[in-house]
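Visitor: Here it is, the structure, as structure tokens.
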Amino acid sequence: MKRALDINQFLHGGDYNPEQWWDEPDVINQDFALFKQTKINTVTVGIFSWAKLEPQEGNYDFSWLDEIFDRVEEMNGHVILATPSGARPAWLAQKYPEVLRTDNRGNKRGFGGRHNHCLTSPIYRKKVYEINTKLAEHFGQRKSLVLWHISNEYSGECYCDLCKDAFRKWLKNKYGDLATLNHAWWNTFWSHTYNDWSQVNPPSPLSEMGNKGMNLDWKRFITDQTISFIDNETAPLKKITPNIPVTTNMMAGNPLMDPFAGFDYQKVARHLDFISWDSYPAWGNDSQTTEELGRNVGLIHDFFRSLKHQNFLVMENPPSRVNWHNFDRAKRPGMHELASLQDVAHGSQGVLYFQLRASRGSSEMFHGAVIEHRHPEKTRAFKDVTKVGKDLEKISPIVATNYAKAKVAIVFSYDSYWALQDAESYSVNKNIWQTIQKHYRYFYEHDIPVDFVSSEDDFSQYDLLIDPMHFLMSKSYLEKIDNYVKNGGKIVGTYISGVVDENDLAYMNEWPKELQEIYGLEPLETDVLYPGQSNLINFEGKEYPVHDYCETLINCTGKVLATYSTDFYQDTPAIVEHSYGAGKGYYLACRTDYSFLEKFYEKIASELVPEIPITKFNDRVSIQIRENKSEKYWFVQNFSDKEEKIELSCELVNLLEDVKDKGIVSLKPFESKVYTLSR
Amino acid sequence: MKRALDINQFLHGGDYNPEQWWDEPDVINQDFALFKQTKINTVTVGIFSWAKLEPQEGNYDFSWLDEIFDRVEEMNGHVILATPSGARPAWLAQKYPEVLRTDNRGNKRGFGGRHNHCLTSPIYRKKVYEINTKLAEHFGQRKSLVLWHISNEYSGECYCDLCKDAFRKWLKNKYGDLATLNHAWWNTFWSHTYNDWSQVNPPSPLSEMGNKGMNLDWKRFITDQTISFIDNETAPLKKITPNIPVTTNMMAGNPLMDPFAGFDYQKVARHLDFISWDSYPAWGNDSQTTEELGRNVGLIHDFFRSLKHQNFLVMENPPSRVNWHNFDRAKRPGMHELASLQDVAHGSQGVLYFQLRASRGSSEMFHGAVIEHRHPEKTRAFKDVTKVGKDLEKISPIVATNYAKAKVAIVFSYDSYWALQDAESYSVNKNIWQTIQKHYRYFYEHDIPVDFVSSEDDFSQYDLLIDPMHFLMSKSYLEKIDNYVKNGGKIVGTYISGVVDENDLAYMNEWPKELQEIYGLEPLETDVLYPGQSNLINFEGKEYPVHDYCETLINCTGKVLATYSTDFYQDTPAIVEHSYGAGKGYYLACRTDYSFLEKFYEKIASELVPEIPITKFNDRVSIQIRENKSEKYWFVQNFSDKEEKIELSCELVNLLEDVKDKGIVSLKPFESKVYTLSR
Amino acid sequence: MKRALDINQFLHGGDYNPEQWWDEPDVINQDFALFKQTKINTVTVGIFSWAKLEPQEGNYDFSWLDEIFDRVEEMNGHVILATPSGARPAWLAQKYPEVLRTDNRGNKRGFGGRHNHCLTSPIYRKKVYEINTKLAEHFGQRKSLVLWHISNEYSGECYCDLCKDAFRKWLKNKYGDLATLNHAWWNTFWSHTYNDWSQVNPPSPLSEMGNKGMNLDWKRFITDQTISFIDNETAPLKKITPNIPVTTNMMAGNPLMDPFAGFDYQKVARHLDFISWDSYPAWGNDSQTTEELGRNVGLIHDFFRSLKHQNFLVMENPPSRVNWHNFDRAKRPGMHELASLQDVAHGSQGVLYFQLRASRGSSEMFHGAVIEHRHPEKTRAFKDVTKVGKDLEKISPIVATNYAKAKVAIVFSYDSYWALQDAESYSVNKNIWQTIQKHYRYFYEHDIPVDFVSSEDDFSQYDLLIDPMHFLMSKSYLEKIDNYVKNGGKIVGTYISGVVDENDLAYMNEWPKELQEIYGLEPLETDVLYPGQSNLINFEGKEYPVHDYCETLINCTGKVLATYSTDFYQDTPAIVEHSYGAGKGYYLACRTDYSFLEKFYEKIASELVPEIPITKFNDRVSIQIRENKSEKYWFVQNFSDKEEKIELSCELVNLLEDVKDKGIVSLKPFESKVYTLSR
Ligand SMILES: [Zn+2]
Ligand SMILES: [Zn+2]
Ligand SMILES: [Zn+2]
């Protein structure tokens, strides 16, 4: 990999906007003094600086940013330099209105906000190309420059005429002729057959929202259009600074901690050198325990790490509270350290904050910051950040490791996710991500490393694939899993899978042959339960509740592990194991609670539990592994607000406290320990 | 009646879209083979086929539909032929944008969806007239053609300039001059007096939503505009195929099972030959028992049957689940047969499905179908449909009967419903339909046939009229009920009645004379209770709770049946009986629960219970009667999921099982029996 | 004060729209007969009469209104004459579309509704000026004319080009140059720096909603634009009728009873001679007791009275129910008298109704009225109104008194309220007004008169200032309270105060010096609790719950009155008392329940309890005081639906019953007594 992130210490720092204070040099001086105190070694700059970098068209002023580079280099720090496309100057929007978005009802945006450029506008792409070129030329040789941060939290859609035309071109390129498109979108339905390309438009509440093929292709188009925007951004950077890797900061949803789904991160990842994401869990809320939320955060770390199957960065992290949750609670004592070390435990190469200094005005002025408005050095956040800074120094050798190699992977396909979310059927909330979280739980609680894979990935390294609610399956995916199982892989599939093909058209006549071979059965009917209704399944002599979805099966040739206990499908198969070639398929025909999944995975996956010299006594403690050829490191973290114990089977080095531990060891509430065999 | 539905067997079949599969002849072949298996004898075709029937303007291709007619005739089946106006081809919308709707904020729709044509556009009317003419000319002599199905689920409004002009013309025609309109709409209020017709516009959130007269006239205009659209559709059909009756499929709301109220079905019915409606109850939900929901469905059947006081058709019915409820639960075993026979019990001349074959893509692909995507002949739906097919054959003689003649009718007036819904007063949810359902319950549970009547209908055949929450009463209606009661009729009126005249203007000075004469009282004040508040009434020595509305009365000359138990109107009349001429008026001044209504109707309506040779032991069993001059048929249906018993007072023929029953008979959960005296 | 309301009896009457009945003289005759019966002496006319006053452009017809004046004068009554700008004739809107509003998405309104004129349109201002001139010229010398009622319930915003230009001019005038505006709005954030005035636009969901400075300036601009609209309305009135005072009817929210906040009533009040407001509490609801709601109503009376620190009028009051609450409950017996006398008790110079006669049609036809549609003289409302008419005559001398002078004031700043509501931080509902209500409770329950003051008011008359959640504090305000406390005042401040300056920019480095001096501490961190979370504070040996907000404090030099009981700030200061100069500052760092506030104010404010010759035994009885140089009057009101007792310490004159009372006296449910020492 040519453009890897080349660092020999963990990055510690984050988003910094000195341009907001350029007329107050004392503030800048204070900032750098405080950076030193808090062991901050990295600043991310330029994200929203376009108006300061190019105050009038063609009139660039980089001198202020030069000074920041100078100061960072004086302290031997690192700079992550952003391209400024996330927001544009007022003059640009005013002179070239085409750069602003149009919504799906045809309303044209005015200037304001951010992240609202047209994805297609040639002028905007040209302007972005130009300023990126200037930035790369000017700062590309700076020794402190470690990473390009292009734009900010890419997202959203545009429905302007330029984008509509681009969509039509994209469709022509994909389908060749209208007859093929008409068939793929099943346009005979409701007389929607097109006979001219000009009749094709994006989905809109004022025209068409129910055409499944159109909706799916629009998401794919938005993905590709975002990619081509990214490629335009990165072209000058790759040319001028061939050794500096490129990232962009990705997002997850709150409070569910599910990946942003406005476009396909798995595809976009292939156009980036390095993955980073912005992590904003609602720590300390009143509806989840910290260990539950911690598990969901561990999962989404694993998701982002898996996008390129390599280390990543948490690019944004609140040093204390955020300013946009329903209740902006301050992190409890210990929580910041716990969350920061969890980042690293799952593969982050540092801990970066939004924001280093709080803005004095406007919409994010009350977002938590390392340096708050008043008495910055006295805040808990400041002290917590300092503690993390010290921790990162103590575990510095770990920067040269990777997250432990996983033998189990969960399949996540954006195409399938979009298609199932859009499917008018089953129930209003299909809870796809919640289902993934439930399956993940077993592995997390048993300290088993988990990868996420897209349907395009290579599965050969995995012993076990978990493939829940995989609604849309392409022919090539079917062949791939067929081979995977035939050659010895194990796969777990569930209800509502293999229903439609890559065009979102139903598979006809029978379930895809490959699925029949793998699972040794065919689903016939999906019984949808109201929230107030449930069934039970009988597994190894015990009953487990099931909710929401119960499929009935036909042609079942496998071993029935569990049957339904009630209703008209009483005593028919609910959970089936089937041998195929050298591998096995497990089919879960109904939505079970975790109580069943725990027993089920214990049965089929207990051999995946890693051998480590540490024993924990309950699920409130998480153990994650980073390793390289020579060393293994165990991050042992107590997500409970009570003291917990672990037992070491041999003496281990406790890096954070610089001592050696053995036998029974106590972890204080929210405490972490990082162990290795020897120094 | 010239254009009656002329059939000698129950129709069994439904919506069929072979145009979606025209390039796959095997599919069509399979369809017809499966139709035979399931005893399907009817297909409804052409509903959304315009793009296939007229792929380019003026270029018609009916050959594919000829082939379908041929196939149907080979199996001696029936065709219900739809006119295609429910959705139009892309070329038509593109070439003539005026055919598409404009919403009440002035947003013009683009092509897409369905049911969204301008109600006024001369071009659209011309195009519809043309294709209807072609269809009638081409298919009108087909022996299999039994019914025209015009358009699909008419609904919605358009606010384009053409429609605005039409509204102004309609108003000019109604009021003659602006002064009259200004008075009827009470335009002095808020200085809304018009002095030029061009100032008049339809209701809009961007101008005026609070003018009651305007809102009511707009609904009436939409009704009339829909009627003139329908008349334009039917003109060529009536001319070319004078013997083929015309219907359109009407709708009811979910989950309430109330009639669609976008326009006045009672008025529209006069322009149709035959009534049909689409029935989608949420069978098996978690907030109602099946007997409760069954009662609401029975009611709405009775409503649609009453539109023309003759048999009707359930035009759409899901063979299994739907795809648009919040939870698309599959019908439990027995439910489909129960619901289908309930259709017939209440007067349907068949059982028709949406859809015969599931679409492969787009928004309705997962709607339940007789022929599903995979293993169609193995689904429960397929078997359930086959069972119903056999049932319909067994009860075939009943096709020549009508629903039993009712002696009780519930008054429903669209004008009044709209006006009361729109009235800014009382409470946010007035629950008019729920009130009707509560009154209906007594009659349903006692197997008493019930009609619904509009305020324009003739009441002379009824012994008892139930007239709840009749807010708007025209002068002519007042005279009619005055005569009705004077001549011996009984009427039950309630709170919030007779408040406004046909212009939605308050009756002044006193309650309309006719109401005073009938009920022997005047309501003075309506006390509105919050949901957390209640009162009681004392009726025959027992107390019954009342909620929501309590009126105080003056000038009460009748017999007080119940008084209020508490509050400042304690001991004042709440329920009053009053003799007038040869009849009686009963006034319910407050909203009671069913516990009171049951006792009340027991007192005044028990003589209406029909004499039948079957005794049931609880309300979970429903008995409906169809009859002709020579025979009576009793549909006995168990809506409970438990076994129930009935007792026969003589030996009866059990048509479905082809045996004779006597004495105590058991009905399995959801089981139906159809009895007659002799074969 | 030149233009005081010059009356020698309480006004009793209200909104009257005879123009709606001008073709029915009997109705008008009946009205005046009923006015006499109900002791109505005042009509408010002309509010929505523009179309009747100027039926065509320039064609005025005041004859009908002359007749009304004549009739009122025949009965020696009073007229409150409205200017008609609240709604305009259709011809005006049609001919000059610029007079109608544009919303913040750019949608232009059509004619209809009311209160929807552009705030800027020169044409509308000219038309209003003209008709106001005509009205003043025509009716200005009428002896019955006591008050001008300009327009109706001013509210709302306009985003048309005229308003946008006016906003830009307002900003230019305020800031002088763009650099200053850019700094005040912190526009470096997200590259929002303007370099041309034409780039500046009002807030809009299609451009910018998150710029705090912009949002705040927009509210201030709307205030000033409304004021200049008002000044244009009043200019001809003040010139032609220099002795007739001018008011406009203000509003409060339901169900919270908080002041309308669309613009700044405190600033607007300076442009009016007299305050009036429209009072619509949800009496008799099912979620509050009447004493709770009565307290909230007492508070908002005090708020409006404080706008000019003089008597006021309740301009609208429902004689019975309203027609726009979720449940339009009729007032319980006694409630109308109780509420009416409460108006007067808090300083109203009369009791005026919306509406005298119910409209026959349109949106307010079912709003309660003195004269209802049917049997007007028999309604409870009619009798209740008559009783109030008699009461007002009995207490007539009180018209010459003022509300008792307050020694305690609650600070309310619109700027601060807007800024904190708009602050993206803390929690979704900040409950500012609820917090004010909680503090007010102590004083209300202890019969201590309370004023409300703006940050611009003079505080020197007050012993105690309550200043809760004062988020935005200007420099001048800080200096003022510094002086106030230094010179002996007591002040109570709370969490989330002094956070930003007048530009909504954070105070930097430390809390404002003045606040440090007053409170002897600095807040460091605001811990935000989820609704399911709480803490406790320990005050004088007892624990009290706290919710929502807990600040941690530093540099605390005062006397710690209470400390936190749990969490990481356990045992740190929560409530602090601090002496400064001759005065004291009390700081409440957390949101307590009333249980604490009661004890707290008992400690610091019990000396403010007024000495009165009446003892009450619980909080369900309210005592309010009106007085002049020679007399004191006590309004003793029982807000409970049970009988309550009071004890008189000497014999007092009971004005309503025209007797003398002494010793223990009973008040029936909802009963009021008005006492004075001697006649
Ligand atoms: Zn675009
Ligand atoms: Zn139209
Ligand atoms: Zn304007």
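The backbone N, Cα and C atoms fix where each Cβ goes, glycine too.
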Visitor: Which of A:C118, A:C550 does TrEMBL put in the same Zn(2+) site as A:C158, A:C160, A:C163?
Guide: A:C118
Visitor: Cβ under 6 Å from ligand 1: which of the binding-site residues A:R114, A:C118, A:C158, A:C160, A:C163, A:W324 qualify?
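Guide: Once distances to ligand 1 are taken from each Cβ, A:C118, A:C158, A:C160, A:C163 fall under 6 Å.
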Visitor: In terms of Cβ proximity below 8 Å, which binding-site residues out of A:R114, A:N152, A:C160, A:C163, A:W324 neighbour chain C?
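Guide: Contact set vs C: A:R114, A:W324.
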Visitor: According to DSSP, which of helix, strand or coil covers A:E316 (active site, nucleophile)?
Guide: strand
Visitor: Starting from the Cβ centroid of A:C118, A:C158, A:C160, A:C163, which together make up the recorded Zn(2+) site, report each further residue of the same chain whose Cβ lies within 8 Å of that point, ordered by sequence.
Guide: A:R101, A:T102, A:L119, A:T120, A:S121, A:E157, A:Y159, A:D161, A:L162, A:K164
Visitor: Reduced to three states, what secondary structure does DSSP give A:W324 (substrate binding site)?
Guide: coil
Visitor: For A:R114 (substrate binding site), which residues in the same chain are close in space, meaning a Cβ under 8 Å from its Cβ, but six or more apart along the sequence?
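Guide: Listed in sequence order: A:F48, A:G86, A:A87, A:N152.
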Visitor: Using the residues the record lists for substrate (A:R114, A:N152, A:W324), what whole-number Å value is the largest Cα to Cα distance?
Guide: 17
Visitor: Highest CB neighbour count within 10 A among the binding-site residues A:C118, A:C158, A:C160, A:C163?
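Guide: Max Cβ neighbours within 10 Å, all protein chains included: A:C118.
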Visitor: Cα-Cα, whole number of Å: A:E316 (active site, nucleophile) versus A:C118 (Zn(2+) binding site)?
Guide: 25
Visitor: For the recorded positions listed here (A:E153, A:W324), tell me which residue's CB has the most neighbouring CB atoms inside 10 Å.
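Guide: When each Cβ's neighbours within 10 Å are tallied, A:E153 tops the list.
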Visitor: Quick one: DSSP breakdown of the domain 'Beta-galactosidase C-terminal' (A:621-676) into helix, strand and coil?
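Guide: Residue counts in helix, strand and coil order: 0 helix, 39 strand, 17 coil.
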Visitor: At the level of the C-alpha atoms, what whole-angstrom distance separates A:C160 (Zn(2+) binding site) and A:E153 (active site, proton donor)?
Guide: 21
Visitor: Rounded to an integer, what is the Cα-Cα distance in Å between A:C158 (Zn(2+) binding site) and A:W324 (substrate binding site)?
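Guide: Their Cα atoms are separated by 25 Å.
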Visitor: To the nearest Å, how far is the Cα of A:E153 (active site, proton donor) from the Cα of A:C118 (Zn(2+) binding site)?
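Guide: Per the Cα atoms, A:E153 (active site, proton donor) and A:C118 (Zn(2+) binding site) stand 15 Å apart.
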Visitor: May I ask for the distance between A:C163 (Zn(2+) binding site) and A:W324 (substrate binding site), taken between their Cα atoms and rounded to an integer number of Å?
Guide: 31
